[in-house]
Amino acid sequence: MSVLRSLLTAGVLASGLLWSLNGITATPAAQASDDRYEVTQQRNPDAACLDCHKPDTEGMHGKHASVINPNNKLPVTCTNCHGQPSPQHREGVKDVMRFNEPMYKVGEQNSVCMSCHLPEQLQKAFWPHDVHVTKVACASCHSLHPQQDTMQTLSDKGRIKICVDCHSDQRTNPNFNPASVPLLKEQP
């Protein structure tokens, strides 16, 4: 055993001597640079959703298609608003947020919108936001995926007509549920 240990020690010493004779030296490490790198997504995060929900593969339309999510500073994706689907989603399980559906309470639906659209800004933009925020789903009046939100193109007269139509239904139907107003119902 001592012969083996002697040979091993001699080998280590010989290799150290060989390196020193060949001029191998250590060089200082390069200074850390101030370069900043930006993380880019390698795949479309909406690809799985678009397989079934947008067969034309145009992707998300309208204002939400080109904005940055203020919460994570990344482009808005399907899951930002609709949530993460379960593995059973492709089999038809309704496990993501479907706006303007009675199965979700107004507060649940609107809390998704309010995570980016601050109530103070909405209140300044148009006073009915303040009045209806807890009673009517945002999707009752606003389209989510068209090229242009219908409410943005309506004249004041058109907006008043929507108010009158909805409030007329409310007066004539005691079971009226403002969360299920089908003005601009989104199709899956």
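Just so you know, glycine gets a Cβ as well, placed from its N, Cα and C.
What Swiss-Prot records for CYS49, CYS52, HIS53 is heme 1 binding site, and it gives similarity to another entry as the kind of evidence. The heme 2 binding site feature in Swiss-Prot is assigned to CYS78, CYS81, HIS82. What Swiss-Prot lists as heme 3 binding site is CYS113, CYS116, HIS117. Annotation comment: Swiss-Prot describes CYS138, CYS141, HIS142 as heme 4 binding site, evidence class similarity to another entry. Per Swiss-Prot, the feature heme 5 binding site maps to CYS163, CYS166, HIS167. Look at Swiss-Prot and you will find 1-32 tagged as signal peptide, backed by sequence analysis.
The structure, with features from Swiss-Prot marked on it.
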| residue | record | DSSP class |
| --- | --- | --- |
| CYS52 | heme 1 binding site | helix |
| CYS78 | heme 2 binding site | helix |
| CYS113 | heme 3 binding site | helix |
| CYS138 | heme 4 binding site | helix |
| CYS163 | heme 5 binding site | helix |
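With the fewest other Cβ atoms inside 10 Å of its Cβ, the least crowded of the binding-site residues CYS78, CYS116, CYS163 in this structure is CYS163. Excluding the listed site residues CYS113, CYS116, HIS117, the same chain places VAL112, MET114, SER115, LEU118, CYS138 with Cβ atoms within 8 Å of the centre of the heme 3 site Cβ atoms.
Taking CYS138 (heme 4 binding site) as the reference point, the binding-site residues whose C-alpha atoms are within 10 Å of its C-alpha, out of CYS49, CYS113, CYS163, are CYS113.
Within 10 Å of the C-beta atom of HIS82 (heme 2 binding site) sit 18 other C-beta atoms, taking all shown protein chains into account. If you compare Cα positions, HIS167 (heme 5 binding site) sits closest to CYS141 out of the binding-site residues CYS78, CYS141, HIS142. Rounded to a whole number, the distance between the Cα atoms of CYS141 (heme 4 binding site) and HIS117 (heme 3 binding site) is 15 Å. Take the Cα of HIS82 (heme 2 binding site) and measure to each of the binding-site residues CYS49, HIS53, CYS116, CYS141, HIS142: the nearest one is CYS49. With respect to CYS81 (heme 2 binding site), the closest of these binding-site residues in Cα terms is CYS113, chosen from CYS49, HIS53, CYS113, CYS141, HIS142.
Neighbours of the heme 5 site: apart from CYS163, CYS166, HIS167, residues of the same chain with C-beta atoms within 8 angstroms of the site's C-beta centroid are ILE162, VAL164, ASP165, SER168, ASP169, GLN170. CYS141 (heme 4 binding site) and CYS166 (heme 5 binding site) are 10 Å apart (CA-CA, integer value).
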